Every structure is written in C-alpha cells, then in structure tokens.
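I have placed the structure first, in the form of structure tokens, so that the comments after it can refer back to it.
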Amino acid sequence: MEDRCLIKNDITELIGNTPMVYLNNVVDGCVARIAAKLEMMEPCSSVKDRIAYSMIKDAEDKGLITPGKSTLIEPTAGNTGIGLACMGAARGYKVILVMPSTMSLERRIILRALGAELHLSDQRIGLKGMLEKTEAILSKTPGGYIPQQFENPANPEIHYRTTGPEIWRDSAGKVDILVAGVGTGGTATGVGKFLKEQNKDIKVCVVEPVESPVLSGGQPGPHLIQGIGSGIVPFNLDLTIVDEIIQVAGEEAIETAKLLALKEGLLVGISSGAAAAAALKVAKRPENAGKLIVVVFPSGGERYLSTKLFDSIRYEAENLPIE
C-alpha cells in the first residue's frame, strides 16, 4: 500500500473537524443526553478560527485583499481577533484590532505575540463606538480592509458548510436540539440552518446574558460572559431559525464552567459555561427525555485565567507554600 503524507501545508488546513464528547458527570437530573462540540480544539483555540479564515479567503477570492499588501482591521471581543491574527501571520497580513478594555489580559498578550496591533476601547462606547473607531483607523490605513464579522455572509456560511455537517455526521443524524451562544450570530445561524434542512424538527436554542437581554427585547448592559451579548441583534443572526432564547446569568456561566473543569476535565471559557448552563436547563425538561442535545463550546479556559472565572484558584496558586 502506498504511504500517504498527512502533513498539512499550513495552519489553515487544521481548521474544523473538531471532536464531540458526551457530558457525563454534570448531568444530574437530566433526561436528555448532552454532547459538546469542542471548538477549543481549533488550531488557535476557538470557534472564531473558522470565520477568520473564511472571511479572509472570501475577500481574497473577490480580489479585495492581497497577502503582503493589505491590512486587516476589525473590532473584536478577542477570539475573532486572535483567529485573524493567526491567519494573518500565516498568510502575510498586518492585523489591527479594536477590543474592549474589559477583555482578558491573556487575549491582549496572545494578540501581541501574534503580531497584531491592538487598540483598547472604553466599555462605555459599546459596539457602535468600536465600529466608529475601526472606521477611523481604516481611513488612515492604506490598503486597509474591515472583514465586518457581524455582517459578513462568509461568517454563517462557513458554519453552514462545515460546523453543521460535522455535527450531523458525528451524531449520525441523531441530534434533536442545538444550543449555541450568540456573539455575531454566525454559529447559530449557519449550523441551525444546515441542521433544520436535514430535519425540520430540530430545535435551535440560543444563549444570551440575563444582564444584557437584547435578543429578548431588553436593554444592553454590562455582563461577565466574554464573547456573547454584544448589545445588539446581530445582522448575521437569522431569528427565523431560532426556536428559543435562553438567558444565563454571568455567575451561573462561571460556576458551570468551573464544574466542567472539575467534573468533566474540560477547561472551557465563560461563554462555554453559559452554553452548558443553558443546555443543562433544556436537558432537564421532561419533554426532552431521550433526546440528544448538541452544545457548542466556543473556546477553552486558558484565555480567562486573569478573569473572575479563576479568581479563587489564582489566589490559591499564587500563595502556595514552598516546601
């Protein structure tokens, strides 16, 4: 038999086909099974790797950007920026990012390590202010290009073409309910659309912070769940495929993320904790007995070591005695 080389050409070929795993030890009282889609297993450790590559490739194919000449400029809560910085480094793009000052220190360090230029914004200016700041940078940057993750159709499209089919394949078509947080809306929209085309009875549940319930018609507000709850209804969120909006408090998201580490061995971020908390609520409903819930875990926990998620553990680790 002829040997086949499986070495990838570059980091972009590592994106996708992330594993799924059942939750086993945090499911007391659940009557449905929960399987987590582990997007922290992407090469740059978050679901945003998919859209970073898809938006860059789409712009390249349309002749809008050129490696070695163009500069990518984007407002980000962190993970999309990290994805863009990773892909930019691999493909020869300068990357300039606008990020809220409330995002974790780890994100800043990672972005700088990847060569991105970083501009921090005051949380009070919100997404609208970040977009204005991004446009101002664009006006002064020759060859600049804004991928516009909140509006770019390449965002939900990559989830429709990859994430959705992966979930359908790996669950052998047995998925009944999808649970996903909403940042840009791309994951829920792309995956939800694909799954509903395979089985119209599949339900799509999206997650938002109770402290900023904009999708439910409430007012935006500060919250602890980095990566979701942007304070707007994103253009890329197709509400026609959404069956339910589930609100999760920041503290609940944090506690659930801690439990996932302690009981499942899954070190995940706060938005993954929020998604898991929502999935657990759905899994305890009597009408969902015997069903399979797939929940998307967007990122791992290492990017949150300086946040409230690890406050008590960090203090303990910093004060361990030397024996």
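Easy rule for this one: first residue shown is 1, then count along the chain.
Cβ from N, Cα, C; glycine included.
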Same pyridoxal 5'-phosphate site per Swiss-Prot - residue from Ser121, Ser139, Ser216, Ser271 joining Asn79, Gly183, Thr184, Gly185, Gly186, Thr187: Ser271
Number of Cβ atoms other than its own within 10 Å, given for Asn79 (pyridoxal 5'-phosphate binding site): 29
Integer Å distance between the CA atoms belonging to Lys48 (N6-(pyridoxal phosphate)lysine) and Gly186 (pyridoxal 5'-phosphate binding site): 10
Binding-site residues compared (Gly185, Gly186) - highest count of Cβ atoms within 10 Å: Gly186
Alpha-carbon distance [Lys48 (N6-(pyridoxal phosphate)lysine); Asn79 (pyridoxal 5'-phosphate binding site)] in Å: 6
Alpha-carbon spacing, Ser271 (pyridoxal 5'-phosphate binding site) to Lys48 (N6-(pyridoxal phosphate)lysine), which is rounded to whole Å: 13
Proximal but sequence-remote residues of the same chain as Lys48 (N6-(pyridoxal phosphate)lysine) (Cβ under 8 Å, at least 6 apart): Asn79, Thr80, Ile82, Gly83, Pro298, Ser299
Among Thr184, Thr187 [binding-site residues], residue with fewest other Cβ within 10 Å: Thr184
